[in-house]
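First up is the structure itself, then whatever we jot down about it.
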């Protein structure tokens, strides 16, 4: 437990009278890809927002890098990609990257290297100087991912990163995510694509405000006696009801 | 410096939005030009007056008044018909020694013009009668004088000559008008201009900055921005810096346009006007950012215009405050444009210095500081640190 990058224990989050998260226990170790799956409205984004310190926990604790969130300084070490693309459409891809790099506090001399590196990863190097308003949906998603990768953060929090990205590129992105994992960096990823969940080191199943299962995909499949994570998901959801 | 990076980004976005830029820079000039044309071109109203049973001297005098046409009617009935048919604007009817004026009163400026014209015509007629009476009196006096002994005659003549020369001097006083500001063509528009200038700066900065921050929120860039270690204050200051620069250029353009295009006289320093408008722009910006947090769409942002922007005009001083009830006057103390309007009016028309508007500037700065703090705290809604 000592090297848990994200550590959520008995996390409770309420919005008004509605309790969205009842009891969340989730750890992300260094060098680990953790997939967060669950039906829409289960609270996946709320888990992420609490981990980032955008929301305050109503109960339990949320620590990142061993420090209690919210903590502004820690955000420099986290790469975040939201569900919405969150790009400035009148600016070019390069200008978007440069702006977020400055916001992250990446040193001036490293900015252009960092930009060309992340642009290569998401295969956008040729289109960097076009305005984002002329990008396709998939290109915007890739640029958004590139922004999260800027500055080699120790922790990546990705909310549905591969929506609208074609299979070949998705494979390339997962190759990069695995490379990041191999550098002992950590990734928390939410996804709807179940075969992507198979690629994670661990999968957390979020249902009714609780993490009802959290283990390696192989173990989960054995536990539920099924062949794929998709069936685990369906079976768990069925049992829950 | 993140503040500068945010400033650069906001300016870059604005520069690429050509339509918004055109709105900010060309629309004020177009509106000012239109207003100057409307408010200065035709300030006189022509009135048609119908008269019934009016002495010829009065009606001649009335006819001599500028922009007044007189028509005679035989009876009240025909005159009333003409009034009903909109051929004349008023009927003047004399019965006995009294005058009755019936106004159409569809246009208040015409009503007051008729009143004025009639009064002056009546005075002129009275003066004329008095003159003839005076002449008759003089003749009588002369007759009487001739009957007096020669010595007394000479004495009296000397006295009356002195009197005549004295009365000649007082008979027709020459009126010369001096204008502290502008000239005889200085009108309503010149009074409005300093306030209008502030209004344009306020309106456009309020609307565009509010929209810009709203867009940051709805597009998700704000939460993404807040997922970086940027300080909340750095975001607010970045916006302030960029819109401050924009407001400086907008003010320069408006001032230059009003001086060169509309020929308005600026007595004081243009630099001082820019300073005041810059502070006002920052207040508008802070106001726009604050209110944008209460709007969920661009349309809801537009809904603040009748609620927030239009009342500013009413209390800004364009409409004279003296005639208003005191509790209404109190409202004007929370209207930022009132302070900038007072200061810019003083600078433009009286050539006063910035130092004489310490109070106005102080109040504007208080607005600015309070709103800025509210904004920095308000961003906590989106990130808890």
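Sequential numbering from 1, following the chain as shown.
Just so it is clear, glycine is given a Cβ too, placed from its N, Cα and C backbone atoms.
Since this is a predicted model, take the numbers as computed values, not measurements.
Looking at B:169-191, B:192-214, the range tied to transmembrane segment in TrEMBL is B:192-214. A Cβ distance under 8 Å defines the sequence-distant neighbours of the transmembrane segment (B:192-214), meaning residues of its chain 6+ beyond its ends; these are 10, 13-14, 20, 23-24, 27-28, 31-32, 35, 39, 222, 239, 243, 246-247, 250-251, 254-255, 258, 264, 273, 276-277, 280-281, 283-285, 287-289, 291-293, 295, 297-298, 301, 304-305, 308-309, 312-313, 316-318, 336-337, 340-341, 344-345, 347-349.
Sequence-remote contacts of a segment are chain residues at least 6 beyond its ends whose Cβ falls under 8 Å from one of its Cβ atoms, and for the transmembrane segment (B:357-379) they are 226, 232-233, 235-236, 240, 276, 279-280, 282-283, 286-287, 289-290, 293, 336, 339-340, 342-343, 346-347.
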